[in-house]
Amino acid sequence: MDKAAMLDRQQHIRNFSIVAHIDHGKSTLADRILEATDTIAKRDMQAQVLDDMALERERGITIKLNAVELHYQAKNGETYIFHLIDTPGHVDFSYEVSRSLAACEGALLLVDAAQGVEAQTLANVYLALDDDLEIVPIINKVDLPSAQPDVVKEEIEEMIGLDASNAILASAKTGLGVPEILERIVSDVPAPTGDLDAPLKALIFDSVYDSYRGVVLAVRIVDGQVRVGDTIELMSNGKRFEVTEVGVMSPKAVKRDFLMVGDVGYLTASIKTIQDTHVGDTVTLADRPTATALDGFRKITPMVYSGLFPVDNAKFNDLREALEKLQLNDAALEFVPETSTALGFGFRCGFLGLLHMDVVQERLEREFNLDLIMTAPSVDYQVVRTDGEVVTVDNPAELPEPSEIKEIREPYVKASIMVPNDYVGPVMEIAQRKRGEFVTMEYLDKYRVNVIYNLPLAEIIYDFFDDLKSSTKGYASLDYDITGYRASDLVKMDILLNGDPVDALSTIVHQDFAYDRGRAIVAQLKQTIPRQQFEIPIQAAIGTKIIARSTVKAYRKNVLAKCYGGDITRKRKLLEKQKAGKKRMKAVGSVEVPQEAFMSILKMNDEDTKGK
Ligand SMILES: Nc1nc2c(ncn2[C@@H]2O[C@H](COP(=O)(O)OP(=O)(O)OP(=O)(O)O)[C@@H](O)[C@H]2O)c(=O)[nH]1
């Protein structure tokens, strides 16, 4: 391709994302756009191709970003190259949204015509506005009988401050409005402005590990071009690699000879060491480097920590490798080795939230075939010792002795909960119960209120969102930011099985809730721990004081007792059955403890909210 052709190509590139609250129809619209541009024939269309992992399809949420190249023949007769960069919508993943947006010049703002603007709509659109993206407002699901496009237009204008008079009325389900959306991408989203002749400057916005090709980098070329055979340099660490393949996803990988300014595609360079690449890093050419690196991304800090242990201790190294591979395209995932007397060797992992934690656990189990025990999630606490030193503790088992603690501080968030007027009561009730401190209430328009609370993060990570949803018929939406740490009346609660404290079951709780929680946990454990050959006392203790207790009774009979003199196959069957049942069990001292037991704390919260 000669230079004139390349410059012409640059003018025809449109890079955009779709920003929306979860479930407003982003993936469905992406599918319609793919169909309309014949990127995939209708008959090959699996529902929602952008959600490529099996896991995503099952959960119905988008958790990993993905960029596709599409070719669109516009009404003006010219063909445009669209790069559609998918973004996740869940509150746990807003960081990834900002990563995707950094690769775009425009964003389609998708708002559900029945639900209106929600917390994540606002959070995501602000990210797009921060990046100076051109925004095309779209009101989706106008086919629904409950659609109120005019109300939603008003909301977009009042709550976001965008002109919504030209918002496109669409239905991703029926395809209504899709042709107009495609034309507006051409007319409203600017072509990329970088310099074709400048030295290569490319942003790594995602990466995955491929066992054949090594690390595959998803890149946005900001300046210049890159070809197979070029030697690239990663600017954060100076490491050099020879480019072995470049291409675009359309939606399967399609090889190209080069990627040029404005392109969004992938690059492989036999990068075997995962630690060498960082999302947010800048790629340049070794023999003609660019002068300055791109800004990169702000470092995100996990909010929730949990211990991950292989059921089979011999799988410790497999778990480490799997975590390293996941971390490649999941910059938010953190892990450090951890040893537990109860569970052996594992990792303390940091997550963005509970959904993120679930997703990581499932990916480890499915994609890497690991059986895992996961301990109850915890936030990170700041502990001021009596000697004045401040230490961060994200593992309750590592809390210093009470006599060494002057004060424990816990993270607080400012939460905005958006609900229709009628549900303000139940929302306030939940927030109060979770130690919330009312800040203010803003009337957004005639229908909706934004209720602001200061809340301890530890109270909302568990089931706050589920509670909110169920007591507001699904109408509440939530967004929160960490505001800082506050001293609270917190204590460590230990759980003793058969008289021995189990470090992996320790939790940090508020003094006022300690008795209730202790009782609930003990009751929950009694149900999850199966009967064994001997009686197992379960106790909850604060320091040396036992605050709750219960007992798992011994078997009434030995399972094998019946088989005495009986036939051997029956005996073997019984033993096999027992063995299968033990798959997810871990021997803690003399007691077999199932995986669920370590999550009793979460279950217990469920029970709490049901008013038991
Ligand atoms: N009636 C109607 N339903 C729609 C329309 N668009 C999407 N839906 C439905 O709304 C639900 C959510 O759509 P998705 O496309 O999965 O939502 P999403 O925003 O991609 O969700 P995440 O990927 O989880 O962020 C699905 O059940 C869709 O079938 C529409 O225009 N009309």
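From the backbone N, Cα and C atoms, a Cβ is placed for every residue, glycine too.
Unlike curated records, TrEMBL annotations are generated automatically.
Small disclaimer: the values here were computed from a predicted structure and weren't measured.
So that you can see what the record holds, here are the features copied from TrEMBL:
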BINDING   D23, H24, G25, K26, S27, T28, N140, K141, V142, D143  GTP binding site
DOMAIN    11-193  domain 'Tr-type G'
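Across the residues the record lists as binding GTP (D23, H24, G25, K26, S27, T28, N140, K141, V142, D143), the two Cα atoms farthest apart are 17 Å from each other. In this structure, the binding-site residues that sit close to ligand 1, with a C-beta under 6 angstroms from any of its atoms, are D23, G25, chosen from D23, G25, V142.
Cβ neighbour density within 10 Å is lowest for D23 among the binding-site residues D23, N140. Note on G25 (GTP binding site): other Cβ atoms within 10 Å of its Cβ, all shown chains, come to 23.
DSSP assigns V142 (GTP binding site) to coil in the three-state reduction, placing it in neither a helix nor a strand. Confidence annotation: the domain 'Tr-type G' (11-193) carries a mean pLDDT of 82 in the model. Within 10 Å of the C-beta atom of V142 (GTP binding site) sit 21 other C-beta atoms, taking all shown protein chains into account.
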